[in-house]
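Asker: Let me begin by handing over the structure; questions about it come next.
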Amino acid sequence: MTRSLGGAELATSIRNDASVAAAALNDLGTRPKLAVVQATDDESTAWYVRSIASAAKRTGILCDIVDLGAAASTEQIRSTLVELGHDPDVHGIILQTPLPDGTDLDALREAINPAKDVDGANPVSLGRLVARLPAFAPATAQAVIALLDHHGISPHARTATVVGRSTVVGSPVAHLLVQRNATVTVCHRHTTDLAAGTRDADILVVAVGIPGLITADHVADGAVVIDVGTTATADGQLLGDVDAAAVDGRAGALTPVPGGVGPVTTALLLNHTVDAAGTQYAQTRSESVLAGFRSSV
């Protein structure tokens, strides 16, 4: 029987910690605030963004949904991100995808203030992650590691395969696993024999957005399988990248979809926002003290 690696309990714990920290900052006169920028008429995306806002409210975090519409240009989105980056009342910024066709996503990610980049999208954040310097990791990638830790699964000295190499999940997950001393293989669309790259892995992370891609043939006996994929169907179901029925009994453990990585990702975004608010509060206080000192001499 395959063990289910649910994320609800961990997500609740993370949100509770964030709520306590948010309340402490509120007592100091700083209310953590998250801004989510979207430019799409995709209803599943709008639902996801609303779920973030709802979770933020329950955690004591303000959340502004900045909806620029599906016709927004790169420059419109970029100027909004820059403005939010300079707004002292905004502590965290998320650029939600998908975006309109033709949008320069790289330019937009570069426009996110790294101090407020709570989803680790800016190249500065990603570079610091690779260099093992303090930075916010992409929340979904961090959620994968957090789930492993929560369920007592150590990547140390184990083999891991990551299917997918996006800058928001696959690549950062691979780096985080290496930092935890796993031996990591990355597979992608140009991998000629996917099963050859996955079937010997102790830990298999799948993040490509192709429902049912991974079957029993891709999974080693007893492997830990982390399914990051979430594809919405026309009737409102969420499907993972792993054929859960096919790997049941073969995989040692599997994250459910929904209810696995997703809730932890949202909780970490809120936790990052509170952390960013605390850092920005401390920096402002330090600057105020320094200004007061300078004016007295």
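Note that Cβ sites are derived from N, Cα and C of the backbone, with glycine treated the same way.
The annotation NADP(+) binding site is assigned in Swiss-Prot to Gly164, Arg165, Ser166, Thr230 on the grounds of sequence analysis.
Mind mapping these onto the model and telling me what they sit next to?
Answerer: Ser166 (NADP(+) binding site) falls within neither a helix nor a strand when secondary structure is assigned with DSSP, and so counts as coil. Around Ser166 (NADP(+) binding site), the same-chain residues at least 6 positions away in sequence with a Cβ under 8 Å from its Cβ are Ala207.
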Asker: Let's check the environment of Thr230 (NADP(+) binding site): how many other CB atoms sit within 10 Å of its CB?
Answerer: 21
Asker: Taking the Cβ of Arg165 (NADP(+) binding site) as centre, how many other Cβ atoms lie within 10 Å?
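Answerer: Around Arg165 (NADP(+) binding site), other Cβ atoms within 10 Å: 19.
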Asker: Over all shown protein chains, what is the count of other CB atoms within 10 A of the CB belonging to Gly164 (NADP(+) binding site)?
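Answerer: Result for Gly164 (NADP(+) binding site): 24 other Cβ atoms within 10 Å.
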